[in-house]
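Participant: The structure follows.
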């Protein structure tokens, strides 16, 4: 596997080397003069390239009638830009106006014959004179950016050989592009050769556009039928972008169909297709190799591309000058994709070698386009060819996946037949067995349901009557177990005249297990509640009993005990790991915080007593955590804050109605959701 990857990298290096050296060849033009023979053009059946040393004058439009006596001609190798060249002791900028001149020498016998001149894209406007006559213009060149009308479009211009020595004079200007001058090599040839070349170019570009468009539509169809295949969507978008770019560069087919298409809009679309294609392809690559492609690289490419796309809203003269950094990033991304694809091959990812082979064709053509662009050899858009080859490999990958899926479906189908046969054999016996087991289960369930109802009635008898009231005290209780029986227990009684003890406990767990714990709590509490002098001592005794009797069962519970001294207008409480409770006095809202650990934990210390004022009209609310730890269908909690707020809002309501109102609010909050914990709420008012 590694030798194959090494060969691919070697081929890529050879291709890049060829692209560099192929642009360097012997020039047929010397000092702005070239000899052309119509006979040789006819015999060779190919266009004659006019690359080489044209005469050049920067900052001037030399009139055709004055060219012979003009003595400040310099040399400009075509198709290079004048940008960065030294002229009269200064470095030329990309902007400006200039004159280009070329003398064509024909044999005497060629006079009267017709030839055709091909002028490639020229940035960014020019007028062409032939033997002193204006024969073609692309935009309007000017010495000022305000008056220049740019238009970059290649052209085929027919010429008649009128004399042995013909002259081409071009007045050109560039105020918007990052390269001024020709982007490719001008050519001259016979009418048949040039027409054939033009037709082949247009057919090739139309074929590429149609092929890329169909590829994109095909992959869009794949995505619509299989939404989980995001790779098909990303590849379709990439094909659409390359199809768009294909009609915007080269011979610019879009201008053949829409001659009045705004030139600046065309240029912006061309740059947009390039900027956006990089992150879109990275999305496609990551969908194939998620473990090899870092998400941060894809996000970074999107941020950079969006930033560059935003610059397209500015003047053309600005965004064309910042292209080079993005081209470098695009080249780095090609290398990154190549490396990650090689990692996929090394790790034996599914179809990774096919992808690598296809990407080599695409990556090499993309790098070639970038390299040719940096060498100012433009219009040769090779990446669509690479994409077509890459698509062939993609089709192979899809075919293999479909074949594997089909084989898998055949295996599953065969297994299903075997399973169905076995099920048919068991069907009759299974129906009888199910009926018997269902009857047994229903009988057992009914017996359990009856037992639970009895247990529920027994548990409810353990609690004091809600209607009971005292002279100095009014209270109301609301208890809703989550199941038939629950794990909360409370007790309210008068231990001596004017002294009331309230006890609330919340055992861990739910259902029958927690209910059995409450039975144990009540049994132990009944034995100590009359003898304990204060709440803290009562909790100490309770904790000691549970640790001695039930420590092996891991039984723990939170609880709070409050002693109300009504005639002394005060209360004393102790809390064993119980949630914070609420005390409303005439002047403030107080919190009854825990004073010790949960009952049943080892190494518990003594529970502290806390004293508070509890005068006539004051109210106290004791509750288990099930009051506020209830979640609705959106997983939003009722919460302690909402509970405290609601209790404050109900300050003027009768104490007997408050528990029912709060529980009603909780049920409304739950909606269709079921309670997740037992709910206990005790409301006490000092009379």
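Even glycines carry a Cβ here, placed using N, Cα and C.
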Participant: Please find, within the list 152-170, 171-189, 266-284, 418-436, the residue stretch that TrEMBL describes as transmembrane segment.
Facilitator: 266-284
Participant: Can you identify, from 106-125, 126-145, 206-225, the stretch that TrEMBL calls transmembrane segment?
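Facilitator: Per TrEMBL, the stretch marked transmembrane segment is 206-225.
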Participant: Labelled transmembrane segment by TrEMBL, one stretch among 353-372, 453-472, 473-492, 493-512. Can you tell me which?
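Facilitator: That would be 353-372, per the transmembrane segment entry in TrEMBL.
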Participant: Could you give the residue numbers and ranges of same-chain residues that sit at least 6 residues beyond the transmembrane segment (266-284) on either side and whose C-beta is under 8 angstroms from one of its C-beta atoms?
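Facilitator: That would be 152, 230-231, 234-235, 237-238, 241-242, 244-245, 248-249, 252, 254-255, 293, 297-298, 301-302, 304-305, 308-309, 312, 316, 319-320, 323, 326, 329-330, 333, 337.
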Participant: With the transmembrane segment (322-346) as the reference, which stretch in 206-225, 232-254, 353-372 has the largest tally of C-beta pairs below 8 Å?
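Facilitator: Comparing 206-225, 232-254, 353-372 against the transmembrane segment (322-346), the winner is 353-372.
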Participant: Report, as numbers and ranges, which residues of the same chain sit near the transmembrane segment (232-254): CB under 8 Å and 6 or more residues beyond its ends.
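Facilitator: Contacts of the transmembrane segment (232-254) (Cβ under 8 Å, skipping residues fewer than 6 from its ends): 153-154, 198, 201-202, 205-206, 208-209, 212-213, 215-220, 222-223, 226, 261, 266, 269-270, 273-274, 276-277, 280-281, 283-284, 287, 378-381, 383-384, 387, 391, 394.
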